[in-house]
Protein chains: 2
Amino acid sequence: MCFYCLFVFYSVPPPFAIVSLSFPCPLRRNNDVIMYKVTVVGSGNWGSVAAKLIASNTLRLNSFHDEVRMWVFEEKLPSGEKLTDVINKTNENVKYLPGIKLGKNVVADPDLENAVKDANMLVFVTPHQFMEGICKRLAGKIRPDAEGISLIKGMEVKKEGPCMISTLISKRLGINCSVLMGANIANEIAMEKFSEATVGYSKNKEAAERWVQLFRTPYFIVTDVQDVEGVELCGTLKNVVAIAAGFVDGLEMGNNTKAAIMRIGLNEMMVFSKMLFPSVKESTYFESCGVADLITTCLGGRNRKVGEAYARYGGKRSFDELEAELLNGQKLQGVLTALEVHEVLSDRGCVHMFPLFSAVHAISAGRLPPSAIVEISNEKPRYTLHYKLREAVVFHVKK
Amino acid sequence: MCFYCLFVFYSVPPPFAIVSLSFPCPLRRNNDVIMYKVTVVGSGNWGSVAAKLIASNTLRLNSFHDEVRMWVFEEKLPSGEKLTDVINKTNENVKYLPGIKLGKNVVADPDLENAVKDANMLVFVTPHQFMEGICKRLAGKIRPDAEGISLIKGMEVKKEGPCMISTLISKRLGINCSVLMGANIANEIAMEKFSEATVGYSKNKEAAERWVQLFRTPYFIVTDVQDVEGVELCGTLKNVVAIAAGFVDGLEMGNNTKAAIMRIGLNEMMVFSKMLFPSVKESTYFESCGVADLITTCLGGRNRKVGEAYARYGGKRSFDELEAELLNGQKLQGVLTALEVHEVLSDRGCVHMFPLFSAVHAISAGRLPPSAIVEISNEKPRYTLHYKLREAVVFHVKK
């Protein structure tokens, strides 16, 4: 029993003391229970929403420190003020999430090392190309008992194996790292519209449950699955399928075709993941990170949008040009991922097992017209899902 | 060897004879190989498209008689002509699929018994409420070696077990009956846009492969799975989810929410099916009949449409009224199915396992507002898919 409790216990008459004990005890949080302190590394659109979700929970739950520190890549705003100063003054990320209050317990910090030094829960949510550099800066400077989670989509899929962001963090920082992925359009979650997400973890179920606690709100439902690779690969591979869905939209082929392409894409995502990691579970694809994220990305999303424009122009304007015109400086990931996936498949001699992935690559490389996306039906022999899965695992073992 | 082959063999010099033998032999079709003769029972929108698909294949493939007979419920057209006469004259179902040529080998027949008497492959594609009467009329009047397939969606789900249309046909006519379901908006297939479908069969793999041959075209990809119950239940249960997706659209909740609702719906469809039939396979939900049909139905489709209108009017106008206004005499299935599903769940004491199905029923019965569709997140405890699947099987066994 902590000092506060003793004080309450002995200084008020028994019935009141009992009532008092049922209230949260402010001092106990610092004494005999492990306290979790969270830092969000990144402060873009999704990072700011993540900070908002987390901040509402650290206030509410006893096992977390109220304060959520958010590392902000410092920028000068047009007004001449620093972005961190404005966030700390107004409680809003006026640049990347304007109009949304993050919570008063969110503290913007421009100093990366200072932001992470006390945290034992680290949330990584930067553009993926920055993670290598961030890990270098942070190595040896974080708490050894820290747990990490990556919200970063868009890892590279190289021949020698995919560069999972969670693995990068885990190896470089020497910490356990989970991932959180799902059907998560940041602005919709910021407006507290009902959404879901999936935490993928490798071993530490207890840590995964803590991440679920930290992110879950009544409008943001989080579940955990023991399949970190499956969950992280979903977040990357869906972009290839979204480009295919964009082609279908651009060619005005209708809902049957779009649904068929999405279904074939989901299957290829699953088989490809299983080929790389036989431990990947089929059930992961029924979670938010799988089928739901695919649906959201194929209904809206930038990869779909540029794919649609590419098909409308009959492949006569390049992806680079359309990206610059349509995405306001944001980057398209699906085309690059399609190329990377194709290289892995060529290397393993199993391009024929992935007609959709291969068609997206060939079309975006200008070797086939956009309409080729539906000619995958002529691929022979046609593999059923379970045959593919078995074969995928054999390929993996042979490799 | 048939007469034609003997003739060819002995009347031309050997090298030519060998070449000739590799060409299709017109007479052999009637002699030593089983010939398949197809009748389509039904001639609505989907029935006519099915006849078109089949007719293109019977012409092309040697093991089928060219002629495809189509039973047409006789109607007088505004011109005074009979529908069957017009179909046979113009090769078009001017009432239910105008503008599309069915194939000259499609013969419309107003006499049900006559239409089926020579067929050994029977395709059933009528509104589901007519099947009971059709089976009564056909009992004892079909070939004993006939195989059936049902394209009919919308079976009833009764407490004593679901009334599968395939089971009804199978029992009443004493024949084996498969099903064909999928993301199949009839008009899009009629326009030869790329689509997929799934044949579900129970035992006869060979017959299933014959159905695949009969329906498959370069733009209509069909695969078979040994899970007749899973495939048929998909076709019915997706309508409940589509109503929920309509509510989300009507409340303008965005793509995250819609994807989440569709994902939860897909999971509940799977668990519910497995509760009724433990043999149902999870992989069936990755086929066209599962996730793809769900996507098509939740993007377009009449259940979604009426659900959207219901939510827009804040539940103040009844489903019956909106159905009459929006569907031109077509019927809404999802509301009735939601009620039937709810009765099964109440009877088995497992309503809590299906928050989405239950919410759709409660909302459509006027007991909850449309916004309750996203309050399912407050259901506790939240079951993971695998826990649910296990529990579903236990519930089945207890029953």
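Each Cβ is built from the backbone N, Cα and C atoms, and glycine gets one as well.
No curator has checked TrEMBL annotations; they are predicted automatically.
Feature annotation from TrEMBL assigns domain 'Glycerol-3-phosphate dehydrogenase NAD-dependent N-terminal' to B:37-205.
Annotated NAD(+) binding site per TrEMBL: B:G42, B:S43, B:G44, B:N45, B:W46, B:G47, B:F73, B:F130, B:A186, B:R302, B:K331, B:Q333, in sequence order. DSSP assigns B:A186 (NAD(+) binding site) to a helix.
The substrate binding site annotation in TrEMBL covers B:K153, B:R302, B:N303. Counting Cβ atoms from all protein chains shown, B:N303 (substrate binding site) has 28 others lying within 10 Å of its own Cβ. In three-state terms derived from DSSP, B:N303 (substrate binding site) belongs to a helical segment.
Taken from TrEMBL, the feature domain 'Glycerol-3-phosphate dehydrogenase NAD-dependent C-terminal' applies to B:227-375.
In three-state terms derived from DSSP, B:K238 (active site, proton acceptor) belongs to a helical segment. Annotation comment: TrEMBL describes B:K238 as active site, proton acceptor.
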Most crowded position, judged by CB atoms within 10 A, among B:W46, B:F73 as binding-site residues: B:W46
Fewest-neighbour residue among recorded positions, criterion Cβ within 10 Å, set B:K153, B:K238, B:R302, B:K331: B:K331
Any further residue of that chain within 8 Å (Cβ to the Cβ centroid of B:K153, B:R302, B:N303) of the recorded substrate site: B:G154, B:N239, B:A242, B:T297, B:G301, B:L332, B:Q333, B:G334
Spatial separation of B:K331 (NAD(+) binding site) from B:N303 (substrate binding site) - C-alpha basis, Å: 9
Rounded inter-Cα distance in Å - B:R302 (substrate binding site), B:A186 (NAD(+) binding site): 13
Rounded Cα-Cα span from B:G44 (NAD(+) binding site) to B:K238 (active site, proton acceptor), Å: 21
Conformational class of B:W46 (NAD(+) binding site) under the three-state DSSP mapping: helix
